[in-house]
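A.B. asks: Per Swiss-Prot, FMN binding site is recorded for SER16, VAL17, SER18, MET85, TRP86, ASN87, LEU88.
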Amino acid sequence: MRVLYITANPKLIHHSVSLSLGELALQYYRELNPSHITDRLDLTTEEYPHLNSDTLSNFMNPHSNLATQSKIFKDYDKYIIVAPMWNLTVPSALKAYLDTVIIPNVLFRYTEQGTCEGLCGGKMIYIGARGGDYSHPPQSEYAFDDKYMEGIAKMIGLESYQSYVANAVGGYRRRSVAQWVEHAKYDIEQMVTSF
């Protein structure tokens, strides 16, 4: 079993709720599955281009670097993706990465009816953190991070999607990063156990 652990946050771990929760999830996963291979991808240190005329011209080329990156992504069985919510969605580094690896006829295909059919198996966990409290309407209508990641998981055909999102990490719930980790331990452990 191969797991890709993706982060998209430039903060240091002890200053980041999402990164700290992600590390907790990865620690639990490794304890439960010591023989599984886990690889890390830090999108704040790796450069993935935003879509432009050059990248789009290679989008359908099965021999392009994009296709190679897409096939590498597909070779994993499980994905743990960790990111904060910025401006109502995922950071642009994560969006750019997904835009460059989610390629038609590698991770999904269009059916004759025009719908997407995923070509991946596998599972995904998304761990996020939001500065404000977006857990209830009307704010929940504007939180697109978790919705976006779930949509991506469904589009590429993943069999399972789970998420844990900490709300109000910068707002009225004045907790330290360590307190957030303590607060989330049980939920993260349960999520990873079924992953």
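Note that Cβ sites are derived from N, Cα and C of the backbone, with glycine treated the same way.
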A.B. asks: Within 10 Å of its Cβ, which one of these binding-site residues (MET85, LEU88) has the largest number of other Cβ atoms?
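C.D. replies: Top count of Cβ atoms within 10 Å goes to MET85.
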A.B. asks: DSSP on VAL17 (FMN binding site), three-state: which is it?
C.D. replies: helix
A.B. asks: Please state whether DSSP places ASN87 (FMN binding site) in a helix, a strand or coil.
C.D. replies: coil
A.B. asks: Tell me the Cβ contacts of VAL17 (FMN binding site) under 8 Å, same chain only and six or more apart in sequence, or just say none.
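C.D. replies: Sequence-distant Cβ neighbours: PRO84, ALA129, ALA166, VAL169, VAL177, TRP180, VAL181.
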A.B. asks: On a simple 10 Å Cβ count over all chains shown, which one of the binding-site residues SER16, SER18, ASN87 is most densely packed?
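C.D. replies: Of the binding-site residues SER16, SER18, ASN87, the highest Cβ count within 10 Å belongs to SER18.
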A.B. asks: If you draw a 10 Å sphere around the Cβ of TRP86 (FMN binding site), how many other Cβ atoms fall inside it, taking every protein chain shown into account?
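C.D. replies: I get 16 for this one.
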A.B. asks: Just report the maximum Cα pair distance in Å for the recorded FMN binders SER16, VAL17, SER18, MET85, TRP86, ASN87, LEU88, no decimals.
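C.D. replies: With SER16, VAL17, SER18, MET85, TRP86, ASN87, LEU88 as the binding residues for FMN, the largest Cα distance is 17 Å.
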